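Undergrad: Quick one: structure below, then a few questions.
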Amino acid sequence: MNILVCFRFFMKLVEFFHSIIIFLFPKDCFEELILKFNIFNSECVSLVCSRLLGVGIVAGASLVKVPQILKIVYARSGAGVSVFSQLLELLCYTAAVAYSINKNYHFSAWGESLFLSLQTFIIIFLVLYYYKRFIALTVVFFFYAFCCYHVYNGSVWENVLDSVQMMTIVIMFIARAAQAVDNYIHKSTGQLSAVTFVLLLLGSLARIFTSIKETGDNMIIAQYMMSTLMNLFICLQIQLYWGNKRSLKTE
């Protein structure tokens, strides 16, 4: 009996590693790069690099906004964090997940949007909580839960998802612009985390490459290009206003 259990476990393990190899080395890339050691096959090299980079981005995205969350919790304040900007970000990330699932893209091509949406929701929750906007917090929570249920339940038409995804390019610009304007008005970035925005910048930059290789979807590529430019601008603002504190009046 124990031998049978061990054998089944071994077969599951083999199946698991086989699926990983198939994913990381699509098409005939395992044979070309590993068995034949043909490292000059540019198509396979770029595909494998894209897959590895995609996995790294998804893994990194699970923690990318944690520094921002911790900074808000330690300060017990959401000063400098634009709720309007975060809400628009949440819309973009959620739309990206729904759109990618509908297009049957692999998890490595959109997984970070799922993690970022969860972390962005936590940030919105914390900011509203520390500002004691409990009614707004409740409304946001139930409205977002309602939207997620219908979006991921397949209740939203495909052409609607396509239209929303197209709009996310503009929405992401407005989201980052709202944060940038708020920073400029107060000449301070408040509780914004430099670590988080640097990681967002690097992630969106890497996503341009992986999106070209994995999906070739111009809407997704354009969205990440916009994100890269705006994340860079916020990073420059954090550097420019470093050390500046917001007055109690502006908070």
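Glycine is treated like the rest: Cβ placed from N, Cα and C.
The transmembrane segment annotation in TrEMBL covers 7-25, 45-66, 78-101, 107-127, 134-152, 192-209, 221-242.
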Undergrad: Going along the chain, which residues at least six beyond the ends of the transmembrane segment (45-66) come within the CB cut-off of under 8 Å?
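TA: The answer is 23-27, 29, 33, 39, 106-109, 111-113, 115-116, 119-120, 122-123, 193, 196, 199-200, 203, 206-207, 209-210, 213-214.
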Undergrad: Apart from its near flanks, which chain residues at least 6 from the ends of the transmembrane segment (7-25) lie with a Cβ under 8 angstroms of it?
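TA: For the transmembrane segment (7-25), the nonlocal Cβ contacts are 33-34, 44, 48, 51-52, 55, 106, 108.
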Undergrad: Where among 78-101, 192-209, 221-242 do we find the most Cβ pairs under 8 Å to the transmembrane segment (134-152)?
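TA: Stretch with the highest Cβ contact count: 78-101.
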